[in-house]
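The annotation domain 'Cation/H+ exchanger transmembrane' is assigned in TrEMBL to B:86-479. Among the features that TrEMBL reports, transmembrane segment is placed at B:101-121, B:133-154, B:166-189, B:201-220, B:232-254, B:275-296, B:316-338, B:359-382, B:388-414, B:426-444, B:456-479.
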Amino acid sequence: MGTLQSLSDEPEYRELAEKTGFSFEQIGILHKRFKQLSHNENTLRRADLDTIPDLACNPIRTQIIEAFFDKRNFHQNGDGTVEEISFEEFLVVMSHFRPPALNMTEEQREKVRREKLRFLFNMHNTDNDGTITLEEYRHVVEELLSRSGALGKETAKGIADAAMLEVASISMGHMEPDEFYEGITFEHFLKILKDIEIETRMNIRFLNMDTTTLCNRDSSSIR
Amino acid sequence: AQPLSEWAFTRHRLYFLTIGLVLLNLPCGSYTEIPPKPPGTVTVLPPVTPAEGPQAFPDAENSNLPVFTMNYARIQVPFEVTLWVLLASFAKIGFHVYHKITFWVPESCLLISIGLMVGAIMHSVHEEPPAVLSYNVFFLFMLPPIVLESGYFIPTRPFFENVGTVLWFAVVGTLWNSIGIGMSLYAVCQIEAFEVQDINLQENMLFAAIISAVDPVAVLSVFEDVSVNEQLYIVVFGECLFNDAVTVVLYNMFNFVAEMPEVEPVDVFLGVARFFVVGLGGMGFGVIFGFVASFTTRFTSNVREIEPLFIFMYSYLAYLVAELFSISSIMAIVTCALTMKYYVEENVSQRSCTTIRHVVKMLGTISETLIFFFLGVVTITTEHEWNWGYIMFTLLLALVWRGLGVLVLTQIINPFRTIPFNFKDQFILGYGGLRGAISFALVFTLPDSIGRKKLFVTTTICMIMFTVFIQGISIRPLIEFINVRRTNRNLETINVEIHSRLIEHTIAGVEDLCGQWSHYYWKDKFLKFNNRILRKILIRDNRAESSIVALYKKLELQNAMEILDTVSGDINAGSSIVSLQYVYPLSHSSACFLSLSLSLSRSLSLACSLSLACSLSLSFSLSLLLAFSLSLSLSLSLSLSVSFCGLVTLSVSLSLCPPGCLSYTSFHIVHPSSLTHYPFNLNRSDGYLRNPEGFGLGSIYQG
């Protein structure tokens, strides 16, 4: 990590650190990675992220990549998607995966949980209407199961249906036979996933890793 | 909930049976007491007097064919074993009569208490208890089932995520404890007032090695009922299973060394090397046997009946082979079960799978029950040597060293953990270090060359009693008092599963994206290896299945079974009819009655229900009944129901009818769930979302 680099960007880093909660060291590491992915430009495009080899085997890579370009994740109350993102926006999206501090109050923990769940919710809710409809859920399940061999679409459909039914029964309780369940709102989403302890699971440990080895590997595969 | 009278009857019956069994067991005490009779001898008894017992002599002037004979000696050993097992199991049944007891006092304590009582009875009539806790019987027969059960039901995902922490605590923690306790006890021994100066360093270290190991039997029986957060649970669980390697090495090493006049540095180095052999060898054997077992089950599709046998035989074989080479047998059997479970459960039939799980649990429970029971019995019947100073200091030092150990080790490992342990977790981790029967069995096998063996035995027993009783009973209120983070461990909803997978993939993806690797990366790699190579070899029909699909199938199956149970609930209700004065010759010869009952369910709403006993389900019966009653008997029956505890509804129905018709009284017990929760909307073309109560039904009828 270039100390020269951090010295020159220090005021900027400070601002970023305050905004996202990362330490200077972590910002430095991420900045290096950003530059490597974007080939030393200032903005990152989707095409850059498509070239990461390990990501190619991930069943939900499109959703993950989309999440980085989704304005809702930039904490600026924006909407829609963008074509390219700056380092600051990259960092803001990454801050969703920051591990919570050791001594947090219950309130702060709740806030962190909401934030992370909001990230997941946005991943599902592609049309931004505030609810996850059956179609969107089915899409997610299909993607998730796409890696496990040739499962028919029917199974994925069945599973998504069962999952929606579960949400309906948990959040709405007893329903009249002619009622219709519109879709999963954010509040229902929070309710069904409240036991999952997401603040402890959805974290990335930003270890002090040497990214030069990755550089060589990735650049060789790009060529 | 049974009706009150029945429950009281059962309880009294239990007490009499238990006392009867105890008395029966008294003459069956020691194996050596009663001289075995040569096989083939027939005891001739006069036909009038009852059996005189095994000491009856053959009649010199026999000639007639004996009508009634008895040969006790032949069946003695299996008979006694069965009786003891039954006695311990009856004790277990007895505990659950009072729910409050088992909530606050862990079963291990109750079993030890009963054992103490039985031991006292046996001691007073000068009988020897069977040698259950002797080295061979304990380590070859009693311990494997428990360890197999723990290994089989380990929650695998949390285990592998925390495997580093688990091994750290198991290995380093046990070492720290042993050496610490050993050294301090040696220092204590130097104090003249306690009169234990003849115990030298090696003996102290040997003793420390024995009592510093956290015992899986005791810990699991306490932590099973208490729900702490997943991380804490898996670390405690894993630690008590995997510290066996260290215990074995230390025990053997110090045993060897205790007989030698002096220790050389080479021996310490050899000890370390031996540790690696023991630990890694144990795990290696376990993995090998696990794979062999999985491979075998690939070919068992035509011998479904004996499929469960392979699981047990292979795991027991792993244990025995490990014992053969004196490496850690507990680790062998645990890793065998871990490896085996995943592949075997895909290969065997559903029935075999259920059988395996059930039998594993049953064997484990029996073993555990017997171990605690006999711990109590043997406490009374062994010879003790009491020494206030030594015993008190041992208890104190064990606590102190464990606490210190947990603190120091957590400080070191916390930076490497995603979810660090806070002080509350650490406290429970330290407090949950219970000792149990393994220490006891080990101390019994100390060579007699150690002068103060009886003192060691007494101290070990005190240690076990202290930890199991005091720590075991107090841990539950403590956990609630200090408000440790809890986890709801039964998270089996599809949504949670889907989102768990989603989170994992997201994290793996983002990690790839930003170039940071953690265990998700290795997990991913292993899964790929698993799918590409291992599954092809070890599984018969290799259909790669996501855990989401597996869970979905499992939940569907559960729902289907529940629906069937609801339907057959009506059948059961019908067959519990008590009195019927006249059998109406309607359809079957078995009781078939009609009644219209107004039942007051728990929420005091009036539910109108009709029950036709023995066959049909509720929603069909309405139309049929009207037809029958109108055309055949014109009888009106009115029934009043009273519900007990909201669970069982009792309804009595009387019928009045014009002369020439039949009058009958019926008495039946109806389960209210069959009355109110049965889904009324059976036609479900598109309405999967319309009636969420019928969740399972909807998907089945659709499917």
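Note that Cβ sites are derived from N, Cα and C of the backbone, with glycine treated the same way.
Keep in mind that this is a model prediction, so the values were computed, not measured.
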Of the stretches B:101-121, B:316-338, B:359-382, B:388-414, B:426-444, which racks up the most C-beta pairs under 8 Å with the transmembrane segment (B:232-254)?
B:316-338
Look over the recorded stretches B:166-189, B:201-220, B:275-296, B:359-382 and say which has the most C-beta pairs under 8 A to the transmembrane segment (B:426-444).
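Per the Cβ under 8 Å count, B:201-220.
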What same-chain residues lie close to the transmembrane segment (B:201-220): Cβ under 8 Å, and 6 or more beyond its ends?
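For the transmembrane segment (B:201-220), the far contacts come to 108, 146-147, 150, 174, 177-183, 185-186, 189, 236-237, 239-241, 243-244, 246-247, 250-251, 254-255, 257-258, 260, 263, 330, 368, 371-372, 394, 398, 401, 432-439, 442-443, 446, 450, 452, 456, 459-460, 463-464, 467-468, 472.
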Ranking B:166-189, B:316-338, B:359-382, B:388-414 by the number of C-beta pairs under 8 Å to the transmembrane segment (B:101-121), which range is first?
B:359-382
Excluding the flanking five residues on each side, which residues at least 6 beyond the ends of the transmembrane segment (B:359-382) place their CB within less than 8 Å of a CB in that stretch?
84-85, 87-89, 91-92, 107-108, 111-120, 122-123, 128-129, 132-133, 138, 142-143, 145-146, 148-150, 152-153, 217, 221, 308, 311-312, 436-437, 440, 457, 461, 464-465
Verify whether three or more Cβ pairs under 8 angstroms connect the transmembrane segment (B:388-414) with the transmembrane segment (B:166-189), leaving out any pair fewer than 6 apart in sequence.
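In this chain the transmembrane segment (B:166-189) contacts the transmembrane segment (B:388-414) - 3 or more Cβ pairs sit under 8 Å.
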